[in-house]
Amino acid sequence: MKTKFIFITGGVLSSLGKGLAAASIGALLKARGLKVTIQKLDPYINVDPGTMNPFQHGEVYVTDDGAETDLDLGHYERYLGESLSQKNNYTSGSIYNRVITKERRGDYLGGTVQVIPHVTDEIKNAILGLAEDEPDVALIEIGGTVGDIEGLPFLEAIRQLRGDLGKDHCLYVHLTLVPYLKAAGEHKTKPTQHSVKELRSIGIQPDIILCRCEKAISAELKRKIALFCDVDQDAVFSSVDVDNIYEVPLRFYEEGFDQKIAIMLRLPAKNANLESWETLIHTCSHPEGQVTIGIVGKYVDLKEAYKSLHEALIHGGVANKVKVNLRYVNSEEITEANVAEKLAGCDGILVPGGFGHRGVEGKIRSIRHAREHKIPFFGICLGMQCAVIEYARNVLGLADANSEEFNELTDNKVIYLMTEWYDFRKGAVERRDASSDKGGTLRLGAYPCVVVPGTRAWDAYGAERVDERHRHRFEFNKAYFEAMAEKGLVFSGLSPDGELVEIVELPDHPWFLGCQFHPEFKSNPMRPHPLFREFIKAAKKEAMGGKKGK
């Protein structure tokens, strides 16, 4: 097998940044001319994160093939500039589901099904499946923290793989915390020592230790960690806190991280070309201005719920050479009386996707404020649906206009449940109703959109047909198409068969656009998404116009 595998584990505590570390390593190896892929293995029992509460899990990231995945896949795609798929994310739930399906089918010939070998073999199959596309390197991030009971089958599987594939084909990287105690004025290595001890008790000896820390650790401290953790001194690296997450690949490169990996895995000795990353950081560090974007949502207390959105707005800032300041506004707190105060100073207003009726009226009030005061507005998924509801109520005069999701009894369901649509990937019509399961039953993944010439959407894309990622079960009710068009709403993007509305906009507004899809999932720092580029461009014009007091 030509593929080399790098396994990334984490210790001491969660949220150390394994996903960013894996993505940054992948970016460095790709910059060396290698073909790279990345996989995330999540220990939770849910089959996928599709029905999980955003406050617990954060964003659900959607791939082209319709997989609902961990938000770390967003980091992977943004840093690699590659499209990933379902096989790049597995959970304990999906692994156990496969095992149980095989048992019910009789594949195990009546044998007793156990964690070892059946579950661990299924995990190994998922990992080795990455080699089918023949990448030079496959990075596998093990979710959770070493010592968690849920993660033990995954750790056992990657322990076995080194024996299966050989030492030249496997590398273990352990990310750990090295806290800095200000009172003592020094870093402490004991948490790292205990974390590695826990990992070794499972049978895994890390080859490289990556130390998450506030400031770079000294050579003396690296020697100490190397001694007690039984690794080479030049295999201990710092992962220092940075102001901009896109600096991480450059920091790793300065430490020689990619070179050490190349030596240990006997990869081609080619220097990394990081010119595009250096240009990116220079642009971020030297903005020509700044804009403030108000994000009106209900998950604002956990910024991870809007992770890709946050990054896509930053990308839009890079394209326009401005710093983007994000102000998160809780939609549940917005009233008719305070909407102007809540959104004062915003150069642009964005209403993101979401589910459920909570906070919807605050979003609709925000959209009306943006429309009437000519503030650039961008609505995504539910944000587009709310824009349609607002227009129906306040322009068409349909006071009870609503979505079937929020009010099943209204006479004017301008947004209603999708009951069928054509899935071009399957070549078949998908059908749903109100009794369908919630998990995995939305319109998911990349679908084509036909863009109407002469519109803002056309100006952004410069193309007649684009593919965008979706995650929704409600849609615009075409019974209101003509009435809204007569009142000035432009339908600038439709499905190829003309049945589904994908983009709406207002031509007599500085920039007012809503889309049913999630463009944030297809934006990366090197190629900002056209709609985010144009939205920030309009916000920049608003900021330069000095109209913040409106």
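Every residue gets a Cβ built from N, Cα and C, even glycine.
Note that this is a predicted model, so its numbers are computed, not measured.
Per Swiss-Prot, the feature active site, nucleophile maps to Cys381. The annotation active site is assigned in Swiss-Prot to His518, Glu520. Per Swiss-Prot, UTP binding site is recorded for Ser14, Lys188, Thr189, Lys190, Pro191, Thr192, Gln193, Lys224. The CTP binding site annotation in Swiss-Prot covers Ser14, Asp148, Ile149, Glu150, Lys188, Thr189, Lys190, Pro191, Thr192, Gln193, Lys224. Annotated ATP binding site per Swiss-Prot: Ser15, Leu16, Gly17, Lys18, Gly19, Leu20, Asp72, in sequence order, evidence recorded as sequence analysis. Taken from Swiss-Prot, the feature Mg(2+) binding site covers Asp72, Glu141. Residues or ranges marked as L-glutamine binding site in Swiss-Prot (evidence: sequence analysis): Gly354, Leu382, Gly383, Met384, Gln385, Glu405, Arg473. According to Swiss-Prot, the feature domain 'Glutamine amidotransferase type-1' maps to 292-545. Taken from Swiss-Prot, the feature region 'Amidoligase domain' covers 1-267.
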Position of peak Cβ density within 10 Å, selected from the binding-site residues Ser14, Gln193: Gln193
Where His518 (active site) sits in the secondary structure, as DSSP reduces it to three classes: coil
Integer mean pLDDT for the domain 'Glutamine amidotransferase type-1' (292-545): 93
Pairwise CA distance, Gln193 (UTP binding site) versus Leu16 (ATP binding site), rounded so that it is a whole Å: 16
Candidate nearest Thr192 (UTP binding site) in space, where candidates are the recorded positions Leu16, Cys381, Gly383 and distance is Cα-Cα: Leu16
Where Pro191 (UTP binding site) falls in three-state DSSP terms: helix
Among Gly19, Asp72, Glu141, Ile149, Lys188, which are recorded as binding-site residues, the nearest neighbour of Arg473 (L-glutamine binding site) by Cα: Asp72
Cα proximity to Gly354 (L-glutamine binding site), best match among binding-site residues Gly17, Asp72, Ile149, Thr189: Asp72
Where Ser14 (UTP binding site) sits in the secondary structure, as DSSP reduces it to three classes: coil
